[in-house]
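Novice: First the structure, which I've put down as structure tokens, then a few questions once you've had a look.
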Amino acid sequence: MTAIHWFRRDLRLADNPALLAAAADGRDVVPLYVLDDALLARSGPPRRAYLLRSLRALDDATGGRLVVRRGAPTEVLPEVARQVAADEVHVASSYEPAGRRRDEQVRTALEAAGAALVETGSPYAVAPGRLRTGGGTPFQVFTPFRTAWLAHGWRAPATGPAPRWAQGVRSDGLPDEPALDDLDLPDAGEAAARERWAAMLDDGLAGYADDRNRPDLHATSRLSPALKWGEIHPRTLLADLARSRSDGAAAFRSELAWREFHADVLFHHPTASWQSLREVAPDDSWVTAEREAAALEVWAAGRTGYPFVDAGMRQLRAEGWMHGRLRMVTASFLIKDLHVAWQRGAAHFMRWLVDGDVPQNQLNWQWVAGTGRDAAPYFRVFNPVTQGRTLDPDGTYVRRWVPELRGIPGAAVHEPWKLPRAAAPDYPERVVDHAEERKVALDAHARRSR
Ligand SMILES: Cc1cc2nc3c(=O)[nH]c(=O)nc-3n(C[C@H](O)[C@H](O)[C@H](O)COP(=O)(O)OP(=O)(O)OC[C@H]3O[C@@H](n4cnc5c(N)ncnc54)[C@H](O)[C@@H]3O)c2cc1C
């Protein structure tokens with residue numbers, strides 16, 4: 001007997017309930033990944049390259065048995081099921097809108113071929129949609145969601161015998177990586193994720209509660225790409241966190257709860273991936289198309305003249321990853337200082353982030369924009385100078401990413417315009433005045449609220 005395990009966002013062998021379900025009753029398992037060009041086209045080179053590296057690691061972990069097929073899942077899955085005489089295709093459920101649509105189409109195509117799509121587990125500790133308020137409605141606000149999420153709890157990590165891989169199934173192999181120029185991506189794959197988590201438990205968790213907003217300190221786990229691709233499951237992390245009563249463990253659990261909250265909000269409001277959940281500024285408050293293109297260009301290149309913003313944007317271009325606080329500061333700058341709608345910035349992030357993930361990216365952008373369900377109020381405008389001075393007090397982070405400013409010592413690096421031009425002759429002038437643009441944004445909001 002043979003079953004297919006269709007890997008999607010669960011690129012790991014450990015703690016994988018869907019894989020165990022495929023291998024149950026002594027079945028041989030075909031470990032399958034479908035490279036769907038339509039989906040790949042939407043990812044930028046960093047995320048495509050990271051995915052290919054993660055698949056290579058998965059192939060190694062299966063002893064070279066990973067079967068890669070190129071094509072549309074609705075065609076590939078019935079075809080492979082027929083070829084290997086499998087009547088079950090096992091998956092972890094998808095919850096984001098495009099994944100749900102795809103899975104319904106695949107289910108129908110498989111049924112026509114005499115096979116079933118069997119769903120077990122999800123990329124979350126608690127499946128999106130499961131938790132409800134006392135009144136039976138979806139949660140709108142994070143804190144009560146987290147309380148209900150903690151009270152609900154989650155299963156222990158799944159364990160079972162190693163699967164027996166089916167032999168001799170043709171694979172198209174993995175394509176070459178896209179050109180990455182100078183990009184330095186984080187290590188991909190399950191083993192790298194486990195190592196990163198072990199290091200976090202050993203010496204990261206203790207300082208996490210205090211230092212997680214400090215980009216100069218490397219104080220966060222950098223597990224977001226691993227969680228995005230399912231190289232490690234949040235259940236595994238939560239089981240380890242349960243052994244600690246520290247503030248760091250509680251703070252980390254809370255961040256994982258945000259991840260689950262966003263997935264839950266998107267499950268109930270599928271249009272939130274592109275539409276504001278509420279309008280906070282009138283339509284005419286955004287820049288014209290022509291000025292928008294220029295604004296996006298300087299922002300994306302890290303040449304706004306605000307060092308903290310520019311450092312974040314340059315980290316993104318160099319690593320395909322950006323510290324979480326910088327994601328907030330750079331997003332706020334695009335929306336409230338440059339008056340560009342959040343969807344444009346979210347699209348840029350999705351193109352460049354190796355952890356680019358529809359629920360997390362789009363709902364976090366809505367949080368910053370003030371348009372989300374439980375969002376920062378619109379009048380919370382991040383000040384790029386005070387954020388920099390507080391969270392990068394010695395300017396180390398800025399100097400790491402903005403070479404033109406390396407000659408300026410200490411916190412003065414956050415306001416180069418106060419120094420003689422010769423201190424940083426190659427660094428751009430500020431494109432806007434933050435105080436003025438903040439006022440423009442707040443006025444627009446006030447007009448909308450009237
Ligand atoms: C504008 C914007 C866009 C974002 N886009 C993404 C994205 O595409 N993919 C993504 O995974 N995260 C996104 N985030 C959330 C967050 O910034 C990253 O998950 C986090 O910075 C990743 O670094 P880390 O793994 O070191 O985090 P840690 O501080 O170590 O946190 C541990 C884990 O908790 C989760 N987490 C932490 N903060 C958040 C948060 N605000 N929302 C949801 N989950 C969180 C992540 O899974 C993270 O890996 C975005 C945030 C903002 C403000």
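Every residue, even glycine, has its Cβ placed from backbone N, Cα and C.
TrEMBL lists TYR208, THR220, SER221, ARG222, LEU223, SER224, PHE252, ASP355, GLY356, ASP357 with the feature FAD binding site. Per TrEMBL, domain 'Photolyase/cryptochrome alpha/beta' is recorded for 1-125. Taken from TrEMBL, the feature site 'Electron transfer via tryptophanyl radical' covers TRP286, TRP342, TRP365.
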Novice: Can you tell me which of TYR208, LEU223, TRP286, TRP342, our recorded positions, come within under 6 Å of ligand 1 at the Cβ?
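Specialist: Checked recorded positions vs ligand 1; flagged LEU223.
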Novice: On the Cα atoms of TYR208, THR220, SER221, ARG222, LEU223, SER224, PHE252, ASP355, GLY356, ASP357, which are listed as binding FAD, what is the maximum pairwise distance in Å?
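Specialist: Answer in Å: the longest Cα-Cα distance is 23.
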Novice: Out of LEU223, PHE252, TRP342, TRP365, which of these recorded positions is nearest TRP286 (site 'Electron transfer via tryptophanyl radical') by C-alpha distance?
Specialist: TRP342
Novice: If you measure from the Cα of TRP342 (site 'Electron transfer via tryptophanyl radical'), which of the recorded positions TYR208, LEU223, GLY356, TRP365 is the nearest?
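Specialist: Comparing Cα positions, the closest of these recorded positions turns out to be TRP365.
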Novice: Calculate the distance in Å between the alpha carbons (Cα) of TYR208 (FAD binding site) and TRP365 (site 'Electron transfer via tryptophanyl radical'), and round it to a whole number.
Specialist: 23
Novice: With DSSP assignments reduced to helix, strand and coil, which class does TRP365 (site 'Electron transfer via tryptophanyl radical') get?
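Specialist: Note: TRP365 (site 'Electron transfer via tryptophanyl radical') is helical by DSSP.
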Novice: Cα-Cα, whole number of Å: SER221 (FAD binding site) versus TRP365 (site 'Electron transfer via tryptophanyl radical')?
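Specialist: Cα to Cα, SER221 (FAD binding site) and TRP365 (site 'Electron transfer via tryptophanyl radical') are separated by 21 Å.
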Novice: Please report the three-state DSSP label of TYR208 (FAD binding site).
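Specialist: It is helical.
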Novice: Reported in the order helix, strand, coil, what are the DSSP residue counts of the domain 'Photolyase/cryptochrome alpha/beta' (1-125)?
Specialist: 59 helix, 26 strand, 40 coil
Novice: Just checking, which of TRP286, TRP342, TRP365 (recorded sites) has the fewest C-beta atoms within 10 Å of its C-beta?
Specialist: TRP286
Novice: So if I measure Cβ to Cβ from PHE252 (FAD binding site) and keep only same-chain residues at least 6 apart in sequence, which ones fall under 8 Å?
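Specialist: Non-local contacts for PHE252 (FAD binding site): LEU205, TYR208, SER221, LEU237, LEU241.
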